[in-house]
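Participant: Would you mind keeping the following structure in view while I ask a few things?
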Protein chains: 2
Amino acid sequence: MASALRVLGVDPGLTRCGVGVIDVAPNRAASLVHVGVVRSSPDLPIERRLKAIAEGIRAVLDEHRPHVVAVERVFAQNNRHSVMGTAQASGIALLLAAEHGVPAHTHTPSEVKAAISGYGSADKRQVQTMVARVLRLDALPQPADAADALALALCHAWRSGGTATGGGAVTSLTPAQRAWADAEKLARR
Amino acid sequence: MASALRVLGVDPGLTRCGVGVIDVAPNRAASLVHVGVVRSSPDLPIERRLKAIAEGIRAVLDEHRPHVVAVERVFAQNNRHSVMGTAQASGIALLLAAEHGVPAHTHTPSEVKAAISGYGSADKRQVQTMVARVLRLDALPQPADAADALALALCHAWRSGGTATGGGAVTSLTPAQRAWADAEKLARR
């Protein structure tokens, strides 16, 4: 895949930060490059947790050199106790993209669901199943954070029309419709 | 002040991030080392805004070499539109502290107010007035973000009993009472 777009997806988190790298060809076929989870111990002070997350993401950027980084957009309305740590981890991911000279984009959970499964209120399992199918994986990516990172990367590649800067392809289908059609086509191969 | 504790206070923000460095002597007398505001343009993409904030904070860390970094704790309950950017900027400040091998601490706005003015619901102007008085400044630090950063640094130095790691001095006064008594004493000099 010489002309593939390489996307790093980041599902931000302090305890588990999902990272997934995929290559997406101009014909939208996607393949897995790397998937993993960067962890930090809840016993560490917050600044050292963020440093551990930064080191993990930086290692992936250095090794896999993505063209673009896609990060889940975090909302304050999300009342989980961990939302501030999640926001901080997302800030780290965005900062590291900029420091590597790579553009970054954020996508909401509904955008990811719509891009991957065809509609915005799909459940997690459905999204994971589609991710595994599209990437031709034998099993669902584990843990969920890793699958979510891959879903983000796929979402970005499809929504952006396969460019690092994000200009969409001209088409009469909505991005979700296109994604759905393409994923189905891929799944039937 | 050979044995002074040098504290960098950070009032996190994307548009304006206050940074203030003070030296606090063992007798709790405080003096201004540096105060400023790191800015990023709202026109830039988020990752480049965070990079600009990181560069500004890093420059202060490199030039002034604080022993400890104090950062305002950000709450999700804060419904301002900007709260996620604020959380991301605070994450950057904490990360940079760790990357410089400097311990970091977070303090809530009420903790800062209580430490500086003697009670937790002091208004902004009151806190700024005390900051100017304690640091013997001729005018209130401007903009407010700069004053808030100095207040955070002072709060940390006083609450921690003047150590980078945060062990408080043994005393029968509460931290707020001590801070109040000391600030009053200083202001009368």
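Any Cβ shown, glycine's included, is placed from N, Cα and C.
Heads up, TrEMBL stuff is auto-annotated, nobody curated it.
Pasting the relevant annotations from TrEMBL:
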- B:D11: active site (ACT_SITE)
- B:E72: active site (ACT_SITE)
- B:D145: active site (ACT_SITE)
- B:D11, B:D145: Mg(2+) 1 binding site (BINDING)
- B:E72: Mg(2+) 2 binding site (BINDING)
Participant: Of B:D11, B:E72, B:D145, the active-site residues given in the record, which has the fewest other CB atoms within 10 A of its CB?
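Facilitator: Candidates: the active-site residues B:D11, B:E72, B:D145. Fewest Cβ atoms within 10 Å: B:D145.
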Participant: Between the Cα atoms of B:D145 (active site) and B:D11 (active site), find the distance and write it as a whole number of Å.
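Facilitator: It is 6 Å, counting Cα to Cα.
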Participant: Distance check, please: Cα of B:D11 (active site) against Cα of B:E72 (active site), rounded to an integer number of angstrom.
Facilitator: 6
Participant: Could you say whether, by DSSP, B:D11 (active site) belongs to a helix, a strand or a coil region?
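Facilitator: DSSP call for B:D11 (active site): strand.
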